[in-house]
Amino acid sequence: MIHFILGGAKSGKSHYAETQLIPYPQPWIYLATGRAWDDEMKKKIKDHQCRRGKGWVTIEEPIEMANYLSKTTETPILIDCLTLWLTNLMMDNRNIQDEIQKLVACLQSYQGDVFIVSNEVGQGIVPADFMARKFRNHAGNLHQEIAKIADKFTFIIAGYPVQLKG
């Protein structure tokens with residue numbers, strides 16, 4: 001089962017996703033894609049770790065998510081988040097479409113349940129610069145691909161889940 005959880009910044013999507021794993025036996029796998037580029041990101045990572053508390057095993061995988069998923073079997077996994085993963089791919093000059101297709105293929109063949117968190121970035125103003133527009137476009141394409149294969153799709157607004165699929 002693939003559960004895609006999408007929402008704006010600080011909408012409560014990570015917390016909601018974490019609560020979805022409570023029925024599963026511990027330890028829960030948290031596949032973290034963020035890189036601590038600056039002090040703000042370091043604080044955000046620390047805050048997430050403190051909120052999660054015990055019962056979680058954190059795997060830091062900023063680029064090779066598909067590779068990790070292909071080596072893991074049946075364990076429920078929370079991936080947080082796709083837009084940070086996309087940022088990392090762009091910063092490393094990866095072929096975005098190839099990486100998305102690899103991820104989609106691994107998700108479709110994964111035997112366990114996967115909860116995927118991502119930031120909705122396409123509902124605001126048109127970004128002023130080329131790189132930001134490129135990111136927004138890649139994120140939109142990525143989200144469409146994940147939504148297509150997801151069994152459940154939830155949009156989080158101000159901490160409230162709105163079920164879109166499943």
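Glycine residues also receive a Cβ, built from the backbone N, Cα and C atoms like all the rest.
Source: prediction; values computed, not measured.
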Matching residue for the GTP site, where TrEMBL names Gly7, Gly8, Ala9, Lys10, Ser11, Gly12, Lys13, Ser14, Ala32, Thr33, Gly34, Asp80 - out of Glu60, Glu99: Glu60
Where the record names Gly7, Gly8, Ala9, Lys10, Ser11, Gly12, Lys13, Ser14, Ala32, Thr33, Gly34, Glu60, Asp80 as binding GTP, the maximum Cα to Cα distance in Å: 23
Binding-site residues listed as Gly7, Gly34, least Cβ neighbours within 10 Å: Gly34
Number of Cβ atoms other than its own within 10 Å, given for Asp80 (GTP binding site): 23
The one of Ala9, Ala32 whose CB sees the fewest other CB atoms within 10 Å, among these binding-site residues: Ala9
Intrachain C-beta neighbours of Ser11 (GTP binding site), sequence separation six or more, cut-off 8 angstroms: Ile156, Ile157, Ala158, Gly159
